[in-house]
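Colleague: Sending over a structure as structure tokens; questions will come in a sec.
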Amino acid sequence: MGNCCLTGPTVLSQAESPNKPTIIEDTDKDIRIVFLGTGDSGKSTFFKQVNYLYQSNDTKNSLGGDSSFTSAIYTNILDTMQALIKSIEDYNEKNPDNQLLFANPTSYECAARLKLVETSSRKSANVYTDQVADDVEELWKEDVMKKVFETRYEYHVFDGAPHFFLKNDLKRFRQPYKPTFEDVLYCRRKTTGVIEAKVNFSDFRLVFIDVGGQRSERKKWVQVFGGLEALIFVISLSEFDQLCYEDDVTPRMIESLDLFEETINTETFCQTPVIVFFNKVDIFEEKLKTKSIKTVFPEYEGGGGVEESTEYIKNKFLSRNKHDPGRIYTRCTTATNSDAVKSTIEMVRDTVFEIRKKNANG
Ligand SMILES: Nc1nc2c(ncn2[C@@H]2O[C@H](COP(=O)(O)OP(=O)(O)OP(=O)(O)O)[C@@H](O)[C@H]2O)c(=O)[nH]1
Ligand SMILES: [Mg+2]
């Protein structure tokens, strides 16, 4: 499985495709495509990849070294530590006779200090002092923390957390620290505005637009709805066992299904091509080893395999389309995998170019 399944009308072959970036000023040549989907589905991760893959070295450097990402990464690390500490405390309150305990008595002091660190500030780089770094590193040595980390999906720890806590030594994030592009990809920062990335090809230009997907952000979507040639709707496959960040009650996948239905069937978009990315395949595969999509679809009677489960979810979404099914293209994706995203973006480019050509020929 993986990033292999674009379905829908044939796309242009590589040989025919215009792929040499040049400067284009004529905005008639713009093909505008927006990433839509619920919060956390992975829209900005694709957007970062587009910037990285197609923009100048300056952009690449800024994506890897932008100090605003340093702050966001420190916020991510500290928010995660605070969420883990809180979940231990909540558990202990409910289970006074069977408490989760730290092995090292000084860990309680580390936890007490970390709870007090203010992380919401845009200047989190300043709060990641040596003392804070010591506390994070000491506390992370506790087995209890690692055990609670395994249940992180229950309390909205961001999906990039394993990259920072498991795949890296936390010492690497001590100041002075410059994020790598991989760090930037795994960093979580909710989008709160509208951002564009323009990619030039020899005779047209793709304009990718990224918007925020959390409930409070969706009212801004209408600002970008004019002149769109296609929608990319991003769905997180792995969210089947999670509740919405916004209310902690609604299952995320139900929210995503409803939003998908509402968006693609509006009068504005009922004839617009929709490219659906079923994202986070890597996490989905991992979760299916211990869980089933029955969690969100109790009526599901199939097996626990990745292909079968994906097919079921895919059909659930596609059945919400009330217009021409031929306008929907689907692809399974892992937005953090740069090689796979490159071929996905090329497929998008070829697909929209083909649609434009077909429309031009009547
Ligand atoms: N492992 C893994 N992590 C992913 C994948 N796609 C996104 N993520 C992570 O998921 C988190 C959320 O991704 P974003 O791209 O910020 O989500 P978004 O859809 O832009 O969210 P909003 O801006 O709130 O609408 C980040 O930490 C990403 O690194 C994926 O395919 N695999
Ligand atoms: Mg975003």
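Don't overthink the numbers, they just go from 1 along the chain as shown.
Glycine is treated like the rest: Cβ placed from N, Cα and C.
TrEMBL entries are annotated by machine, without manual review.
What you see is a predicted model, and the numbers here were worked out from it, not measured in a lab.
Here's the feature list from TrEMBL:
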- S44, T191: Mg(2+) binding site (BINDING)
- 185-191, 210-214, 279-282, A335: GTP binding site (BINDING)
Colleague: Validating a neighbour-count step here. Other CB atoms within 10 A of the CB of D282 (GTP binding site): how many?
Modeller: 18
Colleague: I need the most crowded of these binding-site residues: S44, T191, N279. Count other C-beta atoms within 10 angstroms of each C-beta and give me the top one.
Modeller: N279
Colleague: In which DSSP state, out of helix, strand and coil, do we find D282 (GTP binding site)?
Modeller: helix
Colleague: Of S44, L185, T191, N279, D282, listed as binding-site residues, which ones have a Cβ less than 6 Å away from ligand 2?
Modeller: S44, T191
Colleague: Taking the Cβ of R188 (GTP binding site) as the reference point, list residues of the same chain whose Cβ is under 8 angstroms away and which are at least six residues distant in sequence.
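Modeller: Residues satisfying the criterion: D40, A72, N76, F158, D159, G160.
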Colleague: So if I draw a 10 Å sphere around the Cβ of L185 (GTP binding site), how many other Cβ atoms end up inside it?
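Modeller: 21, counting other Cβ atoms within 10 Å of L185 (GTP binding site).
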Colleague: Please report the distance from the Cα of N279 (GTP binding site) to the Cα of S44 (Mg(2+) binding site), rounded to the nearest angstrom.
Modeller: 12
Colleague: Looking at the binding-site residues L185, G212, D282, which ones sit with their CA no more than 10 Å from the CA of S44 (Mg(2+) binding site)?
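Modeller: Cα filter at 10 Å returns L185, G212.
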